[in-house]
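One structure is given here, and the rest of the page talks about it.
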Amino acid sequence: MFREKLTTRKNLEALKHEIDLDEHKLSINEVYRRYGTSPAMGLSEERASVILERDGPNDLTPIRRTPEIVRLAKNMFGGFAMLLWIGAVLCFIAHFLELYTLDDPQYDNMYLGIALASVIIITGFFSYHQQAKSSKIMESFKYLVPQQACVVRHGKSRNINPDKIVVGDIVEIQRGNRIPADIRIIRAHGLKVDNSSLTGECEPQVRGIEYTNDDILETRNLAFFGTFAVEGSCIGVVIRTGDKTFIGRIANLTAGIERGHTPIAVEITHFIRIITIIAVVVGVIFCICSLFLGYTYVEAVVFLISIIVAQVPEGLLATVTVCLTLTAQRMARKNCLVKNLEAIETLGSTTVICTDKTGTLTQNQMTVAHMWFDNHIIDSDIDAFHTQSNYIKYSHCWSALARCATLCNTATFTDDPNNLSKPVLQRQCEGDASEIAILKCMEDITGNVSNYRSINSKVCEVQFSSSNRYQLSIHSTDDNDERYLLVMKGAPEKIIKNCSTIYVDGCEIEFNQFWKTQYETAFKELSNHGERVLAFADYRLPLNKYPRGYEFDCDTINFHVNPYFEHFNFPTDGLRFLGLISLIDPPRVNVAEAVQKCRSAGIRLLMITGDHPLTAAAIARYTGIITDQDTTEQLIENVFDNNARSCVIHGSTLKTMNSIQLDNLIKYHQEIVFARTSPQQKLIIVETCQRLGEIVAVTGDGVNDSPALKKADIGIAMGITGSDVSKQASDMILLDDNFASIITGIEQGRIIFDNLKKSICYTLSSKIPELSPFLLYMIFQIPLPLGTIAILCIDLGTDMLPAISLAYERAESDIMKRPPRDAKTEHLATDRLISMSYGQLGMIQAGGGFFVYTIVMAENGFFPSRLFGLRKSWDSRSINDLEDSYGQEWTYEQRKALEDTCHTAFFVTVVIVQWTVLLCCKSRRNSLFRQGMSNHVLNMSIIFETLLAILISYTPYINRGLMMYPLKLHWWFLPLPFTLLVLIYDEWRKWIIRKYPGSIIDQETSY
Amino acid sequence: MAIIDKSIPPYRGNSSVFALDTSRPNPGFDFRPQISIEKTLIKYRSSYRDSWGDHKGWGVYKEQLDQYLAYYTEADVQYQQAIDCNGVPIEKLRPQFYQGKSCLFDINIFNKSETPCVTQRNFQYDRGCPCVLLKLNKIYDWEPITYQNAAQLPEQFKALWTSKFSDYILVQCNGENDVDQDFIYEIKYFSQMNTKTIGEFHRNFVPYVNQDGYRSPLVFVYFKRIGTNVLINVECRAYAQNIDHNDNLEYRTGSVHFELIVE
């Protein structure tokens, strides 16, 4: 068993390393040789089955699932529940001890044991139900696996089930297929694959046969299992199958990662430890006392157990669960869907957010950002356009650039009246992402693109290809110019070579060195913004050479076969340079604000993206993740400079770093952008942060983010763009994909931590009035002032709703202005909280209880002097003539009726004093008058608990069932002085804390 | 407790806790000797006398009865509030009670009527037929409503009716179960009226209003012939119109239970 666990851990470690793959570097023949295959024949069936036997099916092996019963058991016996179980078992032991040693056993301990057990079972099922909804990680990966695959075997191609594919198989992939395994491409026809599940980049990537990059994700001649062939077709040889594939490793990594305990779980364990220590210490002290007082050993043990059990906060588990559930519901209303209840608090204590770029910070939609013409860079923001509208209206250069951009563009709006009636930015389009961006921009500024295109009809076009990196089209224009117009768009360095003139301020002038420098400056500036720059040029074809009706030959067929050989019957050089348009996937609207809020809340933001360093840095600057104004190059150099605040680090640099360097990197730089990172690296970054004691939140949407999402203390997936896998691996889902929603989450998380503290303070404060009657009963031998059932009525009845209502309490101060709590020093339950709750609020309550107890006893004949030492006779069923202070004689039943009346009065007192305890717990520093009474749930809960107390004490049958008796009206008013005392005392305490921060009262009582 | 009157309980009658379960106060009933506060058992060896500490013989029982009765035999020198109530109607007595007077319970009735239940005869413990003392619990202000005619009486007493009954709370003991009844062959009662077939408390002793030097009336039950070496559950009940009997073992009022084993 242990060995098995060790090997899984080793495997997991292995998975964290980058995939070891060199097939893309080898020549194709070497690959054939390695796998003993040939492109024409493929593998033989026999050999394929041998390999299948050896490697196993090409399938993602589901990890061994924890059986449901084990998960249920974990909820039933983990942490807090265990404490309660121990309590319950102790109760039963005490009960049986009594049963076998006393003639006249009480059933209190049995009731208590049963109540404890039911609380655990009910809350156990509740949290099991909450958990059962999540964790279907492996299932979600299955959607990436294709249904069918076309394989060449024995020289014949056939469709087989993809799990039968083995390494060395030759597979054929058509447009729209999912790639059935990791393949090295042998032949490709205009293949484009959607690698978004691996890299997070949404744009389809061109794939071919050439080896272009050392990086396996970048190089053109590899395609990966689970990715999608968007365009074209290809033939490839299988080099990895099943769990060894890129995605298989991610899947296994994700599923295999085990997360540590959530901060709240750690806090609760800490809390349990404190409570247990106190309970056992108090129990043992009084157990020894009782031996000295002359009780028997059995009695002493029963006392010990009763004292320990009396301090178990029965209702707290339910309170915490309900508080978290309520917050989860509130967050769901603000578009944060919480899958794991404990994660809510985790978000509040988060110290580092590792955020993905594409889709999280950005809109995942290319948009025109800037234009350069007339030697000006113009912001393409609509508002900016309107302020400069005159300038644009009269700029010839602008109209030429706009014409070029409109015409030399193959993207169209989806032809659907419904779609066309929408605002431009929201319309559905067909075509390449950058062309769509330009189309939308033009539609927005000039309007009616389709009409303009139809009157300037296209005569001929050359499509964009990754090899020529430009596209051109020839149009007849509507501006009474007989000449054909050639418009060209493409990569600037390509276009610049084809231009001889430049159009500036309405004049066509020579594209000389000066203008080239101007262009260089503009280009650099734009690309430094992380923008993708496209250049535009046009050319009027001379009428004499190219008259109307001229047959343009784009050499389409030849062009596709060998794009490097351009053979057109028209010139593509000597063009007129018009300008640049730069595109970017812009940050979402609220992101910058949200980042600012994170920062003021003391949370570090790290950007981890698969994107290019320049683009990443630009977005980081836009959103405020990087505040350093240095150039990106400088930032990249900053990596090894521990004094620099910000840095940008490339995945390949990251790969060379050891863990110490990585620790230093994250420790010394406040603002870090990780670019070109692999899924494994994301995971390593998260692990490094956690090693440094940070509580890490990770946002992401792609499959590639899922290991990091799983490993993070809280994984946050995107609801709209997020992949199924990422949603399964995460703890929380942002339904609106809006990074700003995280802020709400953090705020709620922090509030709930504060409020849980208040809730615990409130719940624990009734422990002293519950415990002290027993202690006095034991030591002074007075009749028991408060019985077990009454204690249960408080813990599981009247105290529940008020404790829960504190979850609705608003924050005391601007919690988003303070740093996240320090997990090491700032605990949920501190000794100060307990001393405050037990020692102060609890003591006043207990005082009130005993006061009322004494009054009730005295009014019925037993003066305090009579009570001392009375226990034995009082509890003896054989004594039927116990004399009180008036000489009246009481039978056993009559005394017990009086005792139960006292229990009721004590219970009611606790309820009434808890009114103001609840009000005091509303705030930890603020005066109640400042905090206000706007928490209506809390106000209602006070009324509710009072009504419940009235119901319990006055309703026939119910009161007898709970061993209560109706109280006389004036007994209800006896606790009021204590109620007031609590309020006055606590207001005074808080006033001191506010007035003299750091004073002894502040140090000892502020929790 | 300055706010509470030292001599008059704030809650009396139906508003007191005595009335909680039964809607009106119902006095308890108790027996002596009771040597342990945890037991209601009277168990001894009739041939064996011993003193305190050894629980085999009847010595302890005798000593306890002696001690208890000493309170009645000693003259009340401290308060001197006792008055002779013989033949005085309760209407005249009641105001005196509130002034602190109380009726004198003449312990000599047990001696006078040649009862066996006297200390000189060891309360008959040595003969294996123990005398057990019964007394009614004191409850402030509680007064019995005695039976005024034979028709109101419970069935078993109807034959015994005399007009004197209207001044008394009646007492009868019996085996709790049929088996127990089989072992009780003969019981006699010694009390004020001295009917021997039934015990009684004179109603002039109540209401109890916390008088100094008050003494509860007593009845001796004499188990003249009972089975030996066997446990006998005995139940004694007090009878008046406002004493309810609840046979529920949990809520015993108006009756008392004890066990006898005579070896």
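Here the Cβ of each residue, glycine as well, is placed from N, Cα and C on the backbone.
According to TrEMBL, the feature domain 'Cation-transporting P-type ATPase N-terminal' maps to A:22-96.
Residues or ranges marked as transmembrane segment by TrEMBL: A:77-97 (among others).
As annotated by TrEMBL, transmembrane segment applies to A:109-128 (among others).
Tertiary proximity for the transmembrane segment (A:271-295) is limited to same-chain residues at least six positions away from its ends with a CB under 8 Å from its CB atoms, namely 79-80, 83, 301, 303-305, 307-308, 311-313, 760, 771, 775, 778-779, 827-829, 831, 834, 838. According to TrEMBL, the transmembrane segment annotation covers A:271-295 (among others).
Summarising the annotation, TrEMBL assigns transmembrane segment to A:301-324 (among others).
Under the heading transmembrane segment, TrEMBL lists A:774-797 (among others).
Under the heading transmembrane segment, TrEMBL lists A:843-863 (among others).
With a cut-off of 8 Å between Cβ atoms, the residues of this chain six or more beyond the transmembrane segment (A:937-957) that come close are 793, 797-799, 801-802, 804-806, 808-809, 904, 907-908, 911-912, 914-915, 918, 922, 964-967. The transmembrane segment annotation in TrEMBL covers A:937-957 (among others).
TrEMBL lists A:969-985 (among others) with the feature transmembrane segment.
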Under 8 Å between C-beta atoms and at least six residues away from its ends: which parts of the chain pack against the transmembrane segment (A:774-797)? 108-109, 111-112, 115, 119, 286, 289-290, 293, 295, 303, 306-307, 310, 313-315, 318, 763, 766, 849-850, 853, 857, 862, 867-872, 874-875, 895, 899-900, 902-904, 906-907, 910-911, 948, 952, 962-964
Restricting to the same chain and to residues at least six past its boundaries, which positions have a Cβ under 8 Å from a Cβ of the transmembrane segment (A:301-324)? 80-81, 83-84, 87, 90-91, 93-94, 97-98, 109, 112, 115-116, 119-120, 122-123, 126-127, 268, 275, 278-280, 282-284, 286-287, 290, 295, 341-342, 344-345, 752, 755-756, 759-760, 763-764, 767, 770-771, 774-775, 778, 791-792, 795-796, 799-800, 803-804, 806-807
Grab the pLDDT values for the domain 'Cation-transporting P-type ATPase N-terminal' (A:22-96) and give me their mean, rounded. 82
